[in-house]
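Report on the following structure.
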Amino acid sequence: MSASASQSSANRPITAMPPARRPRLAPALGLLGAALAAAVLFALSTGSIPLPLDRVLSHLAQAAGLPGEPLGARDAAVLHTLRLPRIVLAAAVGMTLGVAGASLQAIFRNPLADPGLVGVSSGAALAGSVTMMLGVAGLGLSRSGLSLSTLLPATAFLGALAATILILTLARRDGRCSATDMLLAGIAVNVLGGAGIGLCSYLGDDQALRQMTFWMMGGFGGAGWTQIGPALALMLAATAGLLANARRLDLYALGERDAFLLGLEPHRFAVRTVLLVALGVGAAVAVSGLIGFVGLVVPHMIRLWLGPVHRRLLPATALAAAVLLVLADTAARSIAAPADVPVGLLLGAVGAPVFLWLLRARGGRPFG
Amino acid sequence: MLQAEHVSFSVGGRPLVDGVTVHLVPGRMLAILGPNGAGKSTLLALLSGERRPTGGAVRLDGRDLRDVPPRLLARRRALVGQHPSAGFAFSVEEAVQLAVEAAPCGAAERRRLIAESLHAADAAALRHRLLPHLSGGEGQRVAFARALAQLAAGSLHRDGPDGVATLLLDEPTASLDPAHQHHLLRAARDWMERTGGACAVVLHDMTLAARYCDDALLLAGGREAWSGPMAALPVPVLERVFATRFVRMPAPDGRGAVFATTGQPPAV
């Protein structure tokens, strides 16, 4: 690690760089919070049944005990049972993937790390695929009364957990768990997951194949309060745990050696952080499939704006990633309405070129 | 107080450090000298707790270092390594701030600690620069400032029977210009006088060692070749260990000595 750190100075531009004057955190968070509120209101009023913004506001005010006029029964049902859970889910998944991505980037000391990279998403996707291919009956649970939609979150989460345990076991030597080893183990787990998913698609019948394909494209379609409840709780718990890590993530980002010298137990901390990431990402994948790009690009952009200190980076990333996914989901269900474009595809198609452009535009400057 | 008793460290059966004893003394600066590969950096890594000895023990106030949590150790010793970390683009101020965030004091006091440490390391002007943009020498000054800030913050905890802190410096002057080499070692001495702390510094420049260090530990092949007061270090021992000729002259101001090498083989 230290060798690669000293090599990176070779990329240093000749010209003197402008000094870092970081914007203040409170106004930045205020701005992002306002953007999230605006995005949520916009998402609530947009859709195949348009609800005018003033009537949505009036309805919400009335619900909060303020003077206002409630929506009609049909419109209120659209708002409460269709749009609201979907928007809350999109915001929670965005927040979780953003904070998980930023945390992994500190653990791997690589701004290109992503929850997909360490194999956490792969594990969840493989377990989900197996569940869909075999079906409830195939798993010998036909008499349990469970439906596929209740079984899926549980198996996807278990898959994420299993992948994480596998990575930690593979990467652990003499009680140590280095970031490099974790990254390499993650690549191996990703290849394994990809092969398993491929096998499931090969063996699955037409219906399972179609279901599997849509799930893996990622989306928030069909989200209802009862389905997303447990996943929401897990995502919030994982995100809270990761936000509480901020100061130690800064120490860890300096390198394992410096982190130890400044008082951190680096190996124990890395393991705990990766487990929290697995918890959050496993829950997110279970309810929304594979949604890439968020954990990679949002922390990256926030770092350009506010700098790499995690006490600033993590909360801003959580808000910005929530805004991004709420808007992306609104676009996904509007651009080809009444069809529902998978939001994972939309983000990939728009996000990857944006990221590549960003990479070029920065012209060899160091990340973060 | 940090002490190493007959410590050894082997990798794959090859001893890098072999039965070395280091007694750090408050208010005294120890020069750790020796050719490349003599085990100087490994010895500092053992003293800092970063590596665990395969033989012997390093103790802090008599307690084996493996029983001291990193959090407590960080209050009592700091190490300035040879390769300052880069990675994420923390600003200099942010990087130094990381060393004081656990301090039991308010934000204003923390800002004062950061400013004082940056000033002592002559790095105050670098405050808003980003770590990856620093030159090697600038990076060393910032790493030194961070170590001073870390120990200043740690001293607020008032740990241990004596609370004496140890500053470990691994070739801290390697990338510095001559003026900053003297500035850094003078700042380390100032720190010792101010806090009563102890300091061990790996140096290759015998003139700097003779001017600023009280004691010397000369290593060769992982073992102690000589130890004692720096002023008494015999030139023939130096020449034998380094296999090159040294010329020792009295310093013009009478403090320490000036060493020169000529690239010739040892006199005898």
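Keep in mind that glycine also has a Cβ here, set from the backbone N, Cα and C atoms.
As annotated by TrEMBL, transmembrane segment applies to A:87-108, A:117-139, A:151-171, A:183-204, A:224-244, A:274-301, A:313-332, A:339-359.
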Residues from the same chain, set at least six apart from the ends of the transmembrane segment (A:274-301), whose C-beta lies under 8 A from its own: 89-90, 92-94, 96-105, 107, 111-116, 118, 120-121, 123-125, 128, 152-161, 163-164, 167-168, 182, 214-220, 223, 227-228, 230-232, 234-235, 237-239, 241-242, 245, 313, 317, 320-321, 324-325, 342-344, 347-348, 351-352, 354-355, 358, 367
Selection from A:87-108, A:117-139, A:224-244, A:313-332, A:339-359, the stretch that has most Cβ pairs under 8 A to the transmembrane segment (A:183-204): A:117-139
Long-range environment of the transmembrane segment (A:313-332) - Cβ separation under 8 angstroms, sequence gap at least 6: 25, 28-29, 32-33, 35-36, 39-40, 42-43, 46-47, 86-87, 90-95, 97-99, 101-103, 219-220, 239, 242-243, 246, 249, 291, 294-295, 298-299, 301-303, 305-307, 340-343, 346-347
Per Cβ pairs under 8 Å, the stretch of A:87-108, A:151-171, A:339-359 packing most closely against the transmembrane segment (A:117-139): A:151-171
Candidate ranges A:151-171, A:224-244, A:339-359 - greatest C-beta contact count to the transmembrane segment (A:87-108) (under 8 angstroms): A:224-244
Residue numbers, six or more beyond the limits of the transmembrane segment (A:224-244), whose CB comes under 8 Å of its CB atoms: 81, 85, 88-89, 92-93, 95-96, 99-100, 103, 149-150, 153, 157, 273, 276-277, 279-280, 282-284, 286-287, 314-315, 318
